[in-house]
Structures are given as structure tokens and as C-alpha cells.
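Over in TrEMBL, the protein carries these features:
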type: SIGNAL; residues: 1-22; note: signal peptide
type: ACT_SITE; residues: H369; note: active site
type: ACT_SITE; residues: D421; note: active site
type: ACT_SITE; residues: E430; note: active site
type: DOMAIN; residues: 472-554; note: domain 'Carbohydrate binding'
Amino acid sequence: MSSTTSLLTTAILLLLLSDASAGGYNYREALDKSLLFFEAQRSGKLPAVHRVPWRGDSGLRDGFGEGVDLVGGYYDSGDHVKFGLPMAYAVTMLAWGVVEFEKEILAAGQLDHALDAIRWGTDYFLKAHNQPDILWVQVGDGDTDHLCWERAEDMDTPRTAYKIDCDHPGSEVAAETAAALAAATVAFKPYDSEYSDLLILHARQDELLWAAAWLFEATNDKYYLNYVAKNAAFLGGTGWAVTEFSWDNKYAGLQLLLTKQYKAKAEYFLCACLQKNNGGDNVDMTPGGLLYFQEWQNLQYVSSAAFLMVVYSHHLTMENAILTCPGGQVTPGFILKFAQSQADYILGENPKSMSYLVGYGDNYPTHVHHRGASIPSIHTLPEKVGCIDGFDNWYANKKSNPNIIEGALVGGPNSNDEFYDERDMYEQNEASVGGNAPLLGLFAVLDSLATSPDTVKNKTKSHPKPNGEPPVKFIHAITNTWTYQGKQYYRHVVTVKNTGAMAISYLELKIEGLTGPLWGLSATHEQKIYELPSWLKQVEAGSKFEFVYIQGGQQAKVSLVRYTEAT
């Protein structure tokens, strides 16, 4: 474990939060935009009413060369290949979000859009599974596709379709597709039972672990649970303790979905994210407080990890339980708060004050590595843009993309919170359906938290401003310092002391110049404004509490905005 991670861990250990409060971001807007990205990624004949005006019909003959209709589905990322594995994973995660947080998504006014996003994928999978023992798993060739920079509407690259069958096995993509269909079965059950029944009919024809887990969830058939129990160790589902959850590694999701059976391994993943495993077996973190899994497309792993956190936090709350990690016990509120910190980092609470969700806020990537976004729409530039013309005139163009691909979660910053908004930096500046899908559940939960009656009450409650000499004193201290990649970082501890004769029941602070993570205060919907943490109901006369932040450069400026003395 790096020195940075160790110090972040120390800060977290000192400040266990027992409850989460709303952050300063509009999660409902972020949720809506994250679903818009799926509409921008649609392949096939677009519906008459669609919300991405710069997109048009594309891929209208996909599969025809092989004698099968494969029109539809989603393009994976900034290119035009339809990869079955990450597409199916994305649909599974969207469906899981609806299954787990249906009420929250409904309250946010996004349930119809969420179900539409799922159906666009499952309709395609039904076409791709045109025979019981055949599944079409890819359309387009990555090598030739990547040699062209053109709009989806102009595609002239080979659209070769690939299948798996008895002679060409591909168990992982079959299982993920079955999982997607099974998860969607549960999501659609209350709204379209006939369609739900059709999905489960197709889903039953594959039975590996991830698929079996979702088939058990959809059918309550103990056969699938027994299948997992009998085969999990052999196939790695219970024996592996992992620190990653993604389209290419489902073990953490499997373990969490069947948490009663495989609780220990699921909790290992969560503890690793929360910096609560001993012996260095934690996920790295950037100096700015972002989980860091790997250099390429890191935020897709962050979004999936944060989603699992809110799911498990929800489960613990329902069971009135806590998470026990090697490094200490963790409350559901702490888990939720940590997930919120990752969401807030994505939306702008980071050293660059940049939103990595395109179209959200005022400062977001404008050179996203995406063919359709980087070339003017076919509706404004009807002339065909060929492969080489696209590279010469648009890929290499230093101007911002003419089309904003709203809601795209880009790959994000590097391990030092550095980000380069350049089109050829695809490791950082490309989005994918797999990375976006977990945001549905994550943002829905945070929106529900932000708009809960208690939160609304707190937002509108009037508090007197300081009058005369305020009974609050701030004591700043630096308790540690270290160098990371040539830059000096400091661990700041601020002691807040009530010097008055009465308890303080409400405290509002303004923190300016903050560039790193902070623990021990609750963010509000007003930027730079923080309140008492929810676990601290009041500060008694003569008592004190601490909050901690980590950053390089000068210390942040802390000032009192208002307070209320208990009566």
C-alpha cells in the first residue's frame, strides 16, 4: 500500500461516519444525463422521438450478410463495434439498478428512460439468440473499425457478425447475456409481464455462475442456487477475494448478489475499497480521494464499485447490521458516504474541479474520444465523411467537439488526479456503456438522499448568523507530510471548539481553497459550505470535535457562516 493510501486510511479510521447526508450536487440531473448517453450509443433505427438530436439511423443491415437480423443494440464506446460481453454487462447493471432501487428511480422521474435503455439492449439480445444453441456476440471488427474515424451514420467498415455455438464456445459472453436477460426479467415483471416471461425463456438456456445467480433471483428456482453452490469453488466464484468489479470480472457482484452464501468474499471487496483491509490489500487512492484501479478507463471501475457500495449499504440498513472489516467496523452510513465521495469526485469535487460526466456543470471534457461527437451531425453536414477525412479533419482538430455527448462518463484522471482533455488520450477521455450503467442506481440513491424530507427541512431551516464574538474557535494543525510523485502533501487536522456557555445545535462553515478529500463534516447543496456531520447532533459547551483534509500547497481557509445555540 502506498504512503498516500496509508495516510488516507488513517484519516478515515479517525472519522467513522454513522450516517450519510446529501452532497452539493444535483444527482437527479446527473442521473438523467447518464441515461442520455445510452441514447447516443444506440445502433439501428432510432425511434421517432429521441433526445439526442445529432444522432441518426445507423447499422441498418447488421447481420444481413450472415442471414440474421442484428439491427439494434449499443455501440460500446467511441467506436462502432457492438461487443456482446460489455453490452450485456451494461444491461445487467442497468437492470440491477432498477431491481434494487426502483422507488428511487421512479421518484427521480427516470424509470421510463431506464426501462427504455434496458429494453433497447434486451430486444437486441432476443434477436441475437435466434436459435437455442446459437448466440450472436459481436458485430463489426475492432481492427478495421479503429482504422476509420467516421460517424455511425456513414459507416463503410466491415460489419461482420460473430457467433458462438456448439463448435465455437464462448461461455462467458453467453452467461453475461443470460444474466442480463434474467435481471431484466425482474425489472420488467411489474410493468410488462409478457415481455418479462419472454426474457426469462431465453435466459434459462445458459447457466454459469453470474447467470445462475440472476436466474435464481428471477425465478426463485433452487436449482440455480444449487448450481452456484456446487460449481462456485471450481469456477472461482467463492474462492477468489477480488478488488475489482467490471464487465470482465463479475466475482464481486456475484458474491454480493448472493451475499448470504458468500458474505466473506463480498465484504473483502468492500473493505478493500473502504481502505479497511489490513496488510496492504486495499484499492489504491489518488491524492484527491478517488479509488484507483488501473490506468485505462479507471472511472468505469469506480462507478461499479460505488454501485456495489450503495447496494450493500442498503442491505445492511434493512438488516440493522454493520460491516466488519479487518481494519474495524463500518456502518451502512459510512459505506454510503464513501460511495457519495466517489460520485462527488466524478461530478466535480476533485483537484481540477472538473466534472467527468460530460455535459454536467460548467467544466467538463470537450474533446471526448468519440467519433460521432467529434464530427458535425449528419443533419448539419450531410456529406459523407470517410475514414481518412475523419482522421485528418476531425480527429486531429484541436477545437472542441461539435456535439456534446451528454452523460458520458469518461475514463477519468490518472493516479495523481491529472487529466488531459485531448481526443487522442483515449485512456482518459473515452466513455463506455459499461462504465455508465452503474451510475443509474448510484445517482438514484444519492438523489433520494438529497431530496428526503429531513434534508429538505434542513435546507430551508433558518439559522441566525454570528452576532458579536462567535463562540467558535478553530485550531489548525499539520499532523503528517509526505511526497508523492514529486509533490508535497499535508494531512491537516482542524479542531473546532465551542468556547461559549451553551451547546451548539447547528454549525455552518465555509471552507475555501480545498483541493483534496475531507472527512468529518457534511457537505451541503451550497458549494464550499459544510455542516456538522450527521452523527454529531450538537457540540456541548467547552467541548470540541475535529475534521481532517489532505492536500498539497497552502491550507484551506475555514470560516464560520452561522450557528444556532441549543435552547
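Cβ coordinates come from backbone N, Cα and C, glycine included.
Predicted automatically and left uncurated, TrEMBL annotations should be read as such.
Annotated features taken from TrEMBL, shown on the structure.
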residue	record	CB count, 10 Å
H369	active site	25
D421	active site	17
E430	active site	23
Nearest-integer angstrom distance between the alpha carbons (Cα) of D421 (active site) and H369 (active site): 9
Residue pair H369 (active site), E430 (active site) - Cα distance, angstrom, rounded: 5
Secondary structure content, the domain 'Carbohydrate binding' (472-554) (per DSSP, counts of residues): 0 helix, 51 strand, 32 coil
